[in-house]
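According to Swiss-Prot, the protein has these features:
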- Glu80: active site (ACT_SITE)
- Asp108: active site (ACT_SITE)
- Leu28: site 'Important for efficient shutoff activity' (SITE)
- Leu65: site 'Important for efficient shutoff activity' (SITE)
- Lys195: site 'Important for efficient shutoff activity and nuclear localization' (SITE)
- Lys198: site 'Important for efficient shutoff activity and nuclear localization' (SITE)
- Lys199: site 'Important for efficient shutoff activity and nuclear localization' (SITE)
- Lys202: site 'Important for efficient shutoff activity' (SITE)
- Lys203: site 'Important for efficient shutoff activity' (SITE)
- Lys206: site 'Important for efficient shutoff activity' (SITE)
Amino acid sequence: MEDFVRQCFNPMIVELAEKAMKEYGEDLKIETNKFAAICTHLEVCFMYSDFHFINEQGESIVVELDDPNALLKHRFEIIEGRDRTMAWTVVNSICNTTGAEKPKFLPDLYDYKENRFIEIGVTRREVHIYYLEKANKIKSENTHIHIFSFTGEEMATKADYTLDEESRARIKTRLFTIRQEMANRGLWDSFVSPKEAKKQLKKDLKSQEQCAGLPTKVSRRTSPALRILEPMWMDSNRTAALRASFLKCPKK
């Protein structure tokens with residue numbers, strides 16, 4: 001699974017996932033499923049944010065081509081992917097600036113158009129079950145919840161999906177691709193079932209020595225959102241519109 005993750009995801013996403021696991025004292029060599037899940041969640045958060053801006057009139061627009069228009073403001077503030085100290089600093093700054101209620105748990109994004117924090121979920125199970133788990137944990141009407149599954153299903157607070165259909169379709173397509181690539185490599189069952197994961201871990205550890213000398217193919221393209229992981233007060237400097245960068249898993 002670890003090899004798959006390093007081949008399938010952008011190196012910057014992998015690096016952020018490694019830092020997150022290290023921060024919580026988790027070993028990615030052992031918790032390989034969690035490593036894959038964190039990378040997937042990070043990518044969905046970045047794809048959610050990519051290309052969405054607010055124009056002078058306060059309208060939400062989607063821009064995919066390079067554009068030096070300095071009057072565009074990023075619609076979403078990315079909180080996920082930062083270390084906890086910086087993440088809470090960003091959240092506090094948003095609350096002080098916008099008057100938003102401070103969430104009990106760290107959210108993933110802040111939507112400047114709808115003036116609300118967003119919790120993104122990616123699940124291998126039924127979307128409604130995961131949604132209820134998130135809602136019961138957060139217990140706040142001020143945090144919007146949006147859940148995606150690997151089967152193309154989604155669920156959001158009050159059926160408000162925030163993004164346009166095309167943007168959501170990109171996310172669903174990416175998740176479906178990840179699932180298919182895992183299945184092609186015999187990893188999907190272990191990703192879904194902890195029991196199968198233990199068996200797969202043993203196989204991975206045995207194969208690592210055999211594959212140690214092999215070259216690894218990775219995509220070097222960087223998601224636009226990864227280039228803008230900085231405090232929200234620097235948002236005014238992030239004026240260039242962004243180019244699409246949807247990563248594909250290399251074939252065996």
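Backbone N, Cα and C atoms are what each Cβ position is placed from, and that goes for glycine too.
Source: prediction; values computed, not measured.
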Asp108 (active site) and Glu80 (active site), Cα-Cα, nearest whole angstrom: 5
Other C-beta atoms that fall within 10 angstroms of the C-beta of Glu80 (active site): 24
Same chain, 6+ residues apart, C-beta under 8 Å of the C-beta of Asp108 (active site), given in sequence order: Cys45, Ile78, Ile79, Glu80, Ile118, Glu119, Ile120
Cβ contacts of Leu28 (site 'Important for efficient shutoff activity') (under 8 Å, same chain, 6 or more positions away): Glu2, Ala17, Glu18, Met21, Lys34, Phe35
